[in-house]
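TrEMBL lists Tyr90 with the feature active site, proton donor. The annotation active site, proton acceptor is assigned in TrEMBL to Lys163. For Glu234, Asp235, Asp258, the entry in TrEMBL reads divalent metal cation binding site. Feature annotation from TrEMBL assigns domain 'Malic enzyme NAD-binding' to 259-515. Annotation comment: TrEMBL describes Asn403, Asn447 as (S)-malate binding site.
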Amino acid sequence: MNAHDILNNPFLNKGTAFTLEERKELGLVGVLPPYVQTLEEQAAQTYAHFSKKTTNLEKRLFLMEIFNTNRTLFYYLFSQHIAEFNPIVYDPTVATTIENYSDLFVDTQYAGYLDINHPENIEATLKNAAGDRNIRLIVVTDAEAILGIGDWGTNGVDISVGKLMVYTGAAGIDPATVLPLVIDAGTNRKELLENPNYLGNRHERVRGDRYYDFIDQFVQTAERLFPKLYLHWEDFGRLNAANILNKYKDKIPTFNDDIQGTGIVTLGGIYGSLDISGEKLTDQIYLCFGGGTAGAGIASRVLSEMITEGLSEEEAYKRFFMVDKQGLLFDDMDDLTPEQRPFAKKRSDFANADKLTDLLEVVKTVKPTILVGTSTQPNTFTKEIVEAMCQNTERPIIFPLSNPTELAEASAKDLIEWSDGKAFVATGIPSDNVDYKGVSYQIGQANNALIYPGLGLGMLASEAKLLTDEMIGAAAHSLSGIVDSGKLGAPVLPPFAYVAEVSSKVAEAVAKKAQEQGLAQSKETDMAKAVSELKWYPKY
Ligand SMILES: NC(=O)c1ccc[n+]([C@@H]2O[C@H](COP(=O)([O-])OP(=O)(O)OC[C@H]3O[C@@H](n4cnc5c(N)ncnc54)[C@H](O)[C@@H]3O)[C@@H](O)[C@H]2O)c1
Ligand SMILES: O=C(O)C[C@H](O)C(=O)O
Ligand SMILES: [Mn+2]
């Protein structure tokens, strides 16, 4: 390896922190400025440089330069400034970089690009992208439903890169063991197909057998090449996400973030609210607005929890209502997804059925105490709807979860004001505190990023064979007790600044549950130790 092979490798490069001895040993004499910096000095200098950038996009591009050249320095900075960097590295700014990925392209960031037209290249792609690294965690997307911004083809690779950055920043997953992937199955976005800079396949999305065969070949190959793999699916479309998860979840350690991750964090937020109000989960009425991948995933997690808490399945379903594009879902509709169908109601049970295409009318009719938005439809939780929620219960739970910022069903500030401080609010993107009538309300971020890093750490540390519903339940329960819920204006979920602590708790809870269920394959039997030993720290 010559000097520049080392300096150009972000896993090896320490830049100006290479000591004089290392410079001699590695053939770096004279190719770096003479002063040897410490990691702390590099971080202080880089942070000062970062602070001069004015827009979030510039900030992200600058941080990606650091990421591309020196992973240790990047993660040292990220862990020092986790709450500040999170919205820049990840959601919402990642949405801007995805939309502009092909136009802004400078570096592949060690990602792998799987091409639907070349299944024969799956193995080579995985091997080439992994190099000699021992891959334990893959985040893969086909970018059909990126956040709420839809189909972005090859550009969507940035969501895999971004999710993995959070895995390491939040839970200390060794960055050398991760692999971000995109499956380019085409795109239906005309604007991309017509953009001369677009770097993906220029055809419509491939569907049906050819698509599922490709997915299957990818799974088989990845499992063969990387025997201790945990496979994370991100932002697949509503047609495919649940199908893929259902096909593999009982066979390999795998996870769909939008379905399961969002389910965990939202249930955690609901429990956080009920801890404060002193109410029981089984007394709540749940309304899902936007019953897609995330909406149906969350609803089914909360439903399972009500059953665990003692309701029969039939009693539990009675407490759930789902609104999608058609309005309140009825079982006579022929365009329901398999995930929506169990939540659909009998039209004849509603005298005003024809009016139930309107969310306000639904809220007035079914009287929910919990309203969760995953609709991608901005500003749909109106003042009237919030006031109607307040008629149903003393402290309504209202979570507008659609991302990025422009797509949120409501802002935290409006929800607090319109409910006169009564609503428990958590949002998908980070929200500032809301000061209202002398109370400062801290707004929880119900984003799967709070829990998927810890869940992954627990899966990897325990070497769990599968990710079960019980392990997912354990993850949700482990979120309580971190914030002081007795304080006026307390958030219903731990603030993102606590994500390292949250990740350790979630990881231990998941690993212990895996062990209890006989699914842990790790030689280490003390799960707390397995978790803490697996953690990677950014240092030279
Ligand atoms: N906070 C989080 O952690 C988190 C996690 C996952 C998804 N999300 C957000 O949730 C949103 C949905 O994501 P998804 O992956 O489920 O997408 P999806 O496409 O699977 O689901 C969106 C659903 O909303 C429905 N919808 C569209 N217009 C509607 C309308 N006018 N009224 C009611 N429903 C309508 C669609 O038909 C679809 O069923 C996105 O904005 C995403 O960013 C947030
Ligand atoms: O990526 C996020 O911010 C959360 C979630 O997975 C989403 O799709 O919106
Ligand atoms: Mn997602």
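Along the chain as shown, the residues are counted starting at 1.
Cβ atoms are placed via backbone N, Cα and C, with glycine included.
Everything TrEMBL records as a feature, shown here on the structure.
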{"residue": "Tyr90", "record": "active site, proton donor", "contacts (Cβ under 8 Å, 6+ apart)": "Gly162, Lys163, Met165, Val166, Ala449"}
{"residue": "Glu234", "record": "divalent metal cation binding site", "contacts (Cβ under 8 Å, 6+ apart)": "Val139, Val140, Thr141, Ile159, Ser160, Lys163, Asn256, Asp257, Asp258"}
{"residue": "Asp235", "record": "divalent metal cation binding site", "contacts (Cβ under 8 Å, 6+ apart)": "Thr141, Asp142, Ala143, Glu144, Ala145, Ile146, Leu147, Gly156, Ile159, Asp258"}
{"residue": "Asn403", "record": "(S)-malate binding site", "contacts (Cβ under 8 Å, 6+ apart)": "Asp91, Pro92, Ala95, Leu147, Gly148, Gly428, Ile429, Asn447"}
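Across the recorded positions listed here (Lys163, Asn447), the residue whose Cβ sits among the most other Cβ atoms within 10 Å is Lys163. Among the recorded positions Lys163, Asp235, Asp258, Asn447, the residues whose Cβ lies under 6 Å from any atom of ligand 3 are, in sequence order, Asp235, Asp258.
Following the DSSP three-state reduction, the secondary structure of Asp235 (divalent metal cation binding site) is coil. Counted within 10 Å of its Cβ, the other Cβ atoms near Asp258 (divalent metal cation binding site) come to 26, all protein chains included. For the recorded divalent metal cation site, residues Glu234, Asp235, Asp258 set the reference point as the centre of their Cβ atoms, and the other residues of that chain within 8 Å of it by Cβ are Thr141, Ala145, Ile146, Ile159, Trp233, Phe236, Ala241, Asn256, Asp257, Thr293.
Proximity to ligand 1 (Cβ under 6 Å from any of its atoms) holds for these recorded positions out of Tyr90, Lys163, Glu234, Asp258, Asn403, Asn447: Asp258, Asn403, Asn447.
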